[in-house]
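A quick write-up on the structure given underneath.
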Amino acid sequence: MRHFLTLDDFSKDEILQMINLAGKIKKEAKVREFKPYLKDQTLAMIFEKSSTRTRVSFEVGMYQLGGHALFLSANDLQIGRGEPIKDTARVISSMCDMAMLRVNRHETLEEFAKFSQNPVINGLSDKFHPVQLMADYLTMRERGSGEKIAYIGDGNNMAHSWLMLASKLGLELRIATPKGYEPDAKILEKAQQNAKISGAKIYLSNEPKEAVSGADVVTTDTWVSMGQEAQKEKRLREFAGFCVDENLMSLAAKNAIFLHCLPAYRGYEVSEAVFEAHADEIFAEAQNRLHAQKGVMVWLNDKR
C-alpha cells in the first residue's frame, strides 16, 4: 500500500505513470466515458482548511470513478475536541477506502497515514501541495511546454512541491524569493540530492528577472497564505518587486505559459493583464486538478 504525501516518495517512473493515467482518464471523460475504476469505494475528505478546488475536484472525481466522497470538516470530527489523530485514522480507514486530508500541519498528515489501513492523499499541508503539482505538470505536457520553470514569490508549500517535482523529473527550476522567504533548507537539500540522480538543475536567487529570463513556464502563488493574515502588511512590503507583470513576463521564452494554483490576488503576485492574457492556461490547470487527482487515486488503488 502507498500513500501520496509528497512527490519525494515516488520515482520518476511512478510520477509519470500517474500523469499518463490521468491523461488517459481525461480523454475518456471528454467523450463522457466514465469507467468505474473505484466502483462503490468511499473517499473521506478531511478539511482543516477550506478550499474551492480541492473539495470540488475530489468530490466530482470520486463520483465519476464510480465511488462516493464524504466531506468532513474539523467541526464534524472528534479531532476538534481533542481525539488523537491516530484514533481518528484507525476509525475512518476501517470504514472508508481512501482518505484525503487538507491540513494545517504536515505532521498531522504523517500521523494519520501511519495509522491508516488505506491510502492517504495530501490535499495540502504547510509543507507540500503535491496534487497541485500533478495538475501543473499535466498542463505543461498538454501545452507542449519546455522544461525551464521559474517560480516567483514565497518559498512556501508550492515552492517545496516544485522542488520535489523538478528534482525527480530532471527539470530546470529557478526560484526567486525575497530575502528571508527562501524554501525550507532541509527540503532544498533533499531536492539537490535528487537532482544529482535525475540531472535536474535548481537555482535560487532573490532576483525575479534572473529567474524568469528564458523560462518556458512562469508560476507564482499568493504572498499571504491562509493563517498568515496578521503578517499581510509586512509581507506586501517585502514582496514588492515580485509581481509577475507584463515587463517581467516579457523576459520569458516567446511561447511561455503562466500557471497559478489559485486563488489569485491580482495586483499583488500577478498583474491583471498577465492573468487575463494567460487565463486559458490557468483555468485549464485548475480543471486538471480533477483529472490529475483521479489518476493519483486510481494508481494508489492499484498498488494496494
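Including glycine, each Cβ sits where the backbone N, Cα and C put it.
What Swiss-Prot lists as carbamoyl phosphate binding site is S51, T52, R53, T54, Q78, R102, H129, P130, V131, Q132, C261, L262, R289, and the listing cites sequence analysis. Per Swiss-Prot, the feature L-ornithine binding site maps to N157, D221, S225, M226; the stated evidence is sequence analysis.
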Beyond the site residues N157, D221, S225, M226: chain residues whose C-beta lies within 8 Å of the centroid, for L-ornithine: L124, H129, D154, N156, M158, T222, Q228
Site extent for L-ornithine, whole Å (max Cα pair distance, N157, D221, S225, M226): 12
Candidates N157, D221, S225, M226, namely the binding-site residues, that fall within 10 Å of H129 (carbamoyl phosphate binding site) by Cα distance: N157
Top Cα neighbour of V131 (carbamoyl phosphate binding site) in the set of binding-site residues N157, S225, M226: N157
Between M226 (L-ornithine binding site) and S51 (carbamoyl phosphate binding site): CA-CA distance (Å): 10
Distance from R289 (carbamoyl phosphate binding site) back to D221 (L-ornithine binding site), taken between C-alpha atoms, in Å: 16
Binding-site residues compared (V131, M226, C261) - highest count of Cβ atoms within 10 Å: V131
Nearest-integer angstrom distance between the alpha carbons (Cα) of N157 (L-ornithine binding site) and C261 (carbamoyl phosphate binding site): 11
Pairwise Cα distance for C261 (carbamoyl phosphate binding site)/M226 (L-ornithine binding site) [Å, integer]: 14
Cα-Cα distance linking M226 (L-ornithine binding site) and R53 (carbamoyl phosphate binding site), given in Å to the nearest integer: 15
Position of peak Cβ density within 10 Å, selected from the binding-site residues S51, N157, S225: N157
Nonlocal neighbours by CB distance (under 8 Å) for R289 (carbamoyl phosphate binding site), same chain, sequence gap 6 or more: R53, T54, S57, V131, Q132, A135
Binding-site residues: R53, H129 - member with fewest neighbouring CB atoms within 10 Å: R53
